[in-house]
């Protein structure tokens, strides 16, 4: 590989750096107009990553297959302690950083309905039962284990020269393609950096400033302080020399946002250091060094370990606790380690896997992807330094050139721990970083874009023309210019009054959009669930909203749209009683069990089926659940209980395990029987709302509490300063 590292590469590195700086300037000047450059950067990244798998596959097999079992055993024995030290220190630093995050003030107890985990899913990512499937799914740990197994197997065969030659050819061809692609890296760096700088939203920084601060603090410490000092602790080299040797590797990786681009530079630096301590590099030293450097790529990606910090942050951001029944956060560290093996790009799938295992919302992956254009650079830099540590220190350890400088090692560890401990103590004492305060759902408002130009009235008197049953509902709505919507305001977060006394919620937002689609005004008409069917049959409103469950008895007398949401039962309990409601067995052990039940034809039978010996207190709505009400808990559904508990301090939402009716409860809009025209219209309209992103947007806002994205154009010099566009 070192023949590829020349003065031309050094010149190219500086070209890449200049391209990156010009990209920053272009992003600030043109702002969102730099999105036209994105395809250039994407093509470059895709071409580079397309060579990664053939290169890693061939390099690992060739590197391991070309050495003897004795050499492989020696590599492991000489280096496992150094590798364990690197991973342990990295995790310890990240764990210290996570202490600066505020505790999740969530009122949710119990896993999310949309998440699930399984040992099979974990093993599928780890064990290569199908190599091609693992390649398609980007399961890097499985690919690595496959290469390790077959590489070790090749060591035991004498007649393997033809295989090694083939692997060497694939490796050389991959490098040649790499060298061709990397010639365009200055232009790719300009495009990638310009797009990132020009399109990143400033509101994104506001919402995740704490995470970004901790993330970049951690990556900076590991990249430019801790890992370089660790290298100097085992090798006779100064800190300045380490940075100078790895400068090109860091610059090319930073500019291209690909850690794999640094491998040739790391191998060259390793061989250069070995030459300083030995007379020459023989064939065995060449093979061992190349093998160790190749293995440093999947195993040295310590930047990927920051997935642990992100998962902890996501639990705070979404106000959703992490659920790991066995070893808690220790188990999360183990999961994070196995998920971190591989390239930085594979961490997107790893986040989805970790989110499922910890029962975080499915939108956790989307949040990670939104932050990746910013965090990728720190992640890649730290990974390059981790790869360099393994390549350099492991090679020196194999050839017995290690010289432990205990003072430098202790100084490195103590200064890092001291600095981060002070940071955490300052945070605990002065609450400096605890700025993640979830916006109360009572502050949520409908988007002005939804409510604009829509006339709204409440409980308006029913006009005579509305009672004309000879015309269809859809025709009558268009004729009168009024959509009558039945509502019950106690169904938070679907329908409720906010602190501004505005009727808001997930369902309400849809009704505003429906009225806008029909070009009519809205009249909201209150109903009680006890009289819902009678009100529909009496034609008091055209459609009713409020997370109405689909049940057979109602189907006989009214029509439902297609379901727009699924939920499952959950309890509202006082926070000091959550352990009593984690499963049905613990609930059954409560003496003189009293359960409050919302007056609903679904909840009451469900409560009686699961707790036949309990006493039930039927309440008209959950606002009647006051501290004075003598009950152990109240049965409702998960989204309702989570929203209700979030605005009632001292209460929690508990999803109890083992309920006899765990099937999802379907929610839909309900309307008068035999209104086929209106029903068809609503169903297709709901399908359109799914495909155009409206459903997802409102779900993230009302049920996940995610801030609405800013509609204002991103700031740019060309628009905000020069006013040229």
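From the backbone N, Cα and C atoms, a Cβ is placed for every residue, glycine too.
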159-176, 249-266, 267-284, 429-446 - the range that TrEMBL marks as transmembrane segment: 249-266
Range annotated as transmembrane segment in TrEMBL, from 119-138, 299-318: 299-318
Of the residue ranges 51-68, 447-464, the one that TrEMBL records as transmembrane segment: 51-68
Recorded stretch that, among 80-101, 249-266, 330-357, has the most CB pairs under 8 Å to the transmembrane segment (12-31): 249-266
Surrounding residues of the transmembrane segment (377-399) on its own chain - C-beta under 8 Å, 6+ positions past either end: 74-75, 78-79, 82-83, 86, 90, 215-216, 218-220, 222-223, 227-228, 230-231, 234-235, 246, 249-250, 253-254, 257-259, 262-263, 266-267, 269-270, 273-274, 277-278, 285, 288-289, 292-293, 295-297, 299-304, 306, 344, 347
Residue numbers, six or more beyond the limits of the transmembrane segment (249-266), whose CB comes under 8 Å of its CB atoms: 1-2, 4-5, 9, 12-14, 16-17, 19-20, 44-45, 48-49, 52, 55-56, 175, 178, 182, 185-186, 188-189, 192-193, 223, 293-294, 296-297, 301, 303, 343-344, 376-377, 380-381, 383-385, 387-388, 391-392
Close approaches to the transmembrane segment (177-196) from elsewhere in its chain (Cβ under 8 angstroms; 6 or more beyond its ends): 4, 12, 15-20, 22-24, 26-27, 30, 34-35, 37-38, 40-41, 44-45, 47-48, 51, 55, 252, 255-257, 261, 373-374
